[in-house]
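Novice: Pasting a structure here, questions to come.
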Amino acid sequence: MEISLLKVLLNNISSVFRLSSHDNIADEPAQKYYIKVEEILKLLKPVLDAIFDADIASEELLQKSFGELGHSVNELRELFGNWHLLRSKIYFVLQVETLISKIRASSVEIFELLISSDQCLPVELNASSLELYAQKIKQMGSEQISAIIRKASREQVHGSGPRSESLEQFADCLSLRSNQELLIEAVALEKLKENAEQAEKRIAKPRQTYERAFIRKWIDLGLIVCPKTRQTLAHTTLIPNYYVKAVIASWCESNNVKLPDPMKLSLKKPPPLARAENIASKDPHIIPQSSSSQPICKWEWVGYSDIVGKKCDNRLANSGEQGLESGKPTPHFTIKNRTFSSGSGDDERLSRGHNRTASASSTHSSPNILQGMSADGNEKSSPVASYNSDNSGELTSETQAATALTTPQREPAFSPRLETKSQSQMMWQHSPDRFVSRIVSSPANETRADLSGVEIQVRKLVEGLKGTSIDVQRVATAELRLLAKCMENRIVIASCGGIKLLVSLLLSTDAEIQENAVTALLNLSINDDNKIAIGNANAIEPLIHVLKTGSPKAKENSAATLFSLSVIEDNKVRIGRSGAIEPLVELLGNGTPLGKKDAATALFNLSLFHENKLRIVEAGAVKYLVELTDPSAGMVDKAVAVLANLATIQDGKAAIGQEGGIPVLVEVVELGSARVKENAAAALLQLCSNSNRYCSMVLQEGGVPPLVVLSQSGTPRAKERVMTLGSVVWGCF
């Protein structure tokens, strides 16, 4: 037994010596530590060889020392064998210095035990020689870098941060001077953290996640079962779910929402706005406004029910939300509302100040779409509210809810109108105290008589569309175009059969009629039901006809209408298969500035359907998208968002590489806005995955410094992507 332990120790020492021929040992800091270990083991091995050759039975204490030393040497062998430049220097130093200390102590102990042993040792192992060996090992200098690391860590935890002298020592000892070295270290440490979190049991056996404050109260009451599953808890230790926490923090940061303190938030009380009003209805959710100038809305407060494992109101069933108990939670807070806005027939020339919104529909789009399209199709297109990329590279809304839309800006002539179906949900914007919904409503004192008058007017105009007179059709389409600015009017026009007739006029040879018809349909499509009705009226092919043959303004509005319709998943498929992508790409490359923006937003929505990605690439969109990343075009956000989606397929990667997309994406990471940087990092991550060539290009284009900056100052999701990208880039070498 004793001899076998000694034999194992000798084999481990021989394995350490063989590592000297490995290339990775030549890299710092491994090299200097290997030299120290080699010095110790070269003194120890001849003594152990002599004992083994003499076949001397060892004492129990000596056996124990052989076993401990063999274990430490084996760990050290594995540590050196696994070392390479992409591993964490900090973690390596902390491990290797600890093991070297153990080996020195065990070696000295073995020499001392041999000196005091009563057994007959070989002649060469006399007491004086053993004492000399022990003294040499004791006198060997030891590195104290781990002490510097621990000192800096203590200063970070207990003070305002490490002192400059500590950081200077830290950087010098570990050669962490360049941005590239810092990025490698940051990525390596992040991977170690992730591995540690995955290794430990992060969530209790029932695998439910709860708000810490509330589950702590539950346990303090003496309850030892899971509130959701009723399974008995194996223990009551609270283990953080960092994934859920990061998702919530990311959503709050991206939407300018202050992360609420659950201890200060009452789950049973409505928001302050609701408490400020007298409840005039028996329905506890109806909150009358004190001022007649304010809208009447129906509110439903949805708090942290998902977090604590409760079921939400059944009326949320179709919202596409997931509770925090699920594997991929969707942490956002919602209300349901009905908003009634006043129609205005104001001169649409004043609407030029509007911004046409763009939907960042997720890959799981549903009919519950909040549309913020402005009143008229002639309006200027604005960036998508929150283009974003999920871990697979698909561009989705930040919360991965049904969609994320921007709202139109206020224009001087009339207030913007924001419409949603009764079941649509609205996201919260930041308020100093509490969440406040993004709602723009009109006065609520609109009478049925007014609506009846509009209905009569609409019926007359619809009759005009049926006629053969060009002049009558021009007037009718122009009037309907204006009336369609109002939510109620959109419903009336659809109910009176206006949609089908307007679709037929898209094929009109009269440019004015065609332009009015497509703009009216654009305005009508803001209503979710109308989206479906327009699609069912076989409008896609006529819209493509306008996209190919219409006036510049008609083309713009046709592209915007296709974008609006593409919010519905089925329409993404129909539009892509109907040949709309090629004319959209043509408009993207050669249209007016507004037309290019409308084409880009439409292509973004269409690219969320996997089948359309290849069509977009084959139509030559990548070339134009790369060109539009020039800040002077004012479309960096849209172009990068679409490129990030296209980078998820092989043909898209190839096209982006061929068109010089990597240098511009690196530039965007350095100079773009926070959201655009995040999407550019997502695109680079997709491009560099399994491609040494693209990894090299990122390094050659100077991608490391901006990525380091983004890893320190970007959004949580951006930081995550940079860390993953760093792992991919350095893993290629």
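Placed from the backbone N, Cα and C atoms, the Cβ positions cover glycine too.
Note that TrEMBL annotation is computational and uncurated.
According to TrEMBL:
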COILED    179-209  coiled coil
COMPBIAS  356-371  compositional bias 'Polar residues'
COMPBIAS  380-409  compositional bias 'Polar residues'
DOMAIN    208-258  domain 'U-box'
REGION    319-425  region 'Disordered'
REPEAT    497-539  repeat 'ARM'
REPEAT    579-621  repeat 'ARM'
REPEAT    620-661  repeat 'ARM'
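Burial and contacts for the listed features, if you can.
Specialist: This prediction places the mean pLDDT of the domain 'U-box' (208-258) at 72.
Within the repeat 'ARM' (579-621), the DSSP-based counts of helix, strand and coil residues read 35 helix, 0 strand, 8 coil.
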Novice: Summarise the repeat 'ARM' (497-539) as counts of helix, strand and coil residues per DSSP.
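Specialist: Helix (H, G, I), strand (E, B), coil: 33 helix, 0 strand, 10 coil.
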